[in-house]
Amino acid sequence: KDWNYFTFAQQWPIAVCAEHKSCFIPDSVVGWGIHGLWPSSDTESKGPENCNGSWPFDINNVMPLVPELKKYWPNLYPDTKANSFWEHEWSKHGTCATSLPATSNELKYFGMGLKLHAKYNISRILVNQGILPSKTAGYMINETEAAVKRELGVDAVIECVYDKEKTKKQLLYEISICLTKEFELISCNKKEVSETTCPRKEPFFYPPVHDNN
């Protein structure tokens, strides 16, 4: 399957946990975490997946990155194997990116994710625009989309999730940016941008990761 750009998705730990009963956010995780770096196609409904079943994830190949991966690409589900999130992302998406020199193996692929997280840090982008985690303040999707565009110059895809257990509120869940195969920023697909899962007419919430912050 052909693909022509990357989607780089970062997620807010509190909202990830609103979706999953067994969830734990380690003290070392204080901001937006990486969800994944996904080869994507603007002609297909989504990009290629599971491109090489004979290349399983091997933690030994990313050992130098593990301390950073735990902090910035964390698995928040204690009922799963420690490396299962990275295994899943590699098998489903990473194996589809190996044709590019910059992401041709596990070390390069996960290293690129960490590089992009440092360069396009969502916590920093939102803080620069006055959007801060808060127990009480709500934010509107239009303002948030415009804020991200002011920072990056391109349209991002912003997603929310409904927290039916605790707060009964819409929570900011994920922000995805799109990049060329040369890792230059581009606007994401207009259809995906407009079909946000965040409510258009009411605010969503962005609660802090650790209560003491």
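Note that Cβ sites are derived from N, Cα and C of the backbone, with glycine treated the same way.
Reduced to three states, the DSSP call for H35 (active site) is strand. Feature annotation from Swiss-Prot assigns active site to H35 (among others); the stated evidence is similarity to another entry.
There are 21 other Cβ atoms within 10 Å of the Cβ belonging to E89 (active site). Taken from Swiss-Prot, the feature active site applies to E89 (among others).
The Cβ of H93 (active site) has G36, L37, W38, P39, G47, E49 as same-chain neighbours under 8 Å, each 6 or more residues away in sequence. Swiss-Prot lists H93 (among others) with the feature active site.
DSSP assigns C96 (disulfide bond) to a helical segment in the three-state reduction. Marked as disulfide bond by Swiss-Prot on the basis of similarity to another entry: C51-C96 (among others).
In sequence order, I141, T144, I158, E159, C160, Q170, L172, F204 are the residues near C198 (disulfide bond), counting only same-chain partners six or more apart with C-beta under 8 A. The disulfide bond annotation in Swiss-Prot covers C160-C198 (among others).
Of all Cβ atoms in the protein chains displayed, 21 besides its own lie within 10 Å of the Cβ of C188 (disulfide bond). The disulfide bond annotation in Swiss-Prot covers C178-C188 (among others).
The Cβ of N52 (N-linked glycosylation site) has T95, T98 as same-chain neighbours under 8 Å, each 6 or more residues away in sequence. For N52 (among others), the entry in Swiss-Prot reads N-linked glycosylation site, with the evidence type sequence analysis.
DSSP gives N121 (N-linked glycosylation site) a coil state; it is part of no helix or strand. According to Swiss-Prot, the feature N-linked glycosylation site maps to N121 (among others), an assignment based on sequence analysis.
Taken from Swiss-Prot, the feature N-linked glycosylation site applies to N142 (among others). Its Cβ taken as reference, N142 (N-linked glycosylation site) is surrounded by 12 other Cβ atoms within 10 Å in the chains shown.
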Select the closest residue to N142 (N-linked glycosylation site) from the following recorded positions, measuring between CA atoms: H35, C51, C96, C188.
-> C188
Could you state the whole-number distance in Å separating the C-alpha atoms of C178 (disulfide bond) and C51 (disulfide bond)?
-> 21
With an 8 Å cut-off on Cβ-Cβ distance and a minimum sequence separation of at least 6, pull the same-chain contacts of N121 (N-linked glycosylation site), or say none.
-> G31, W32
If you count the other CB atoms within 10 A of the CB of C96 (disulfide bond), including all protein chains displayed, you should get 21
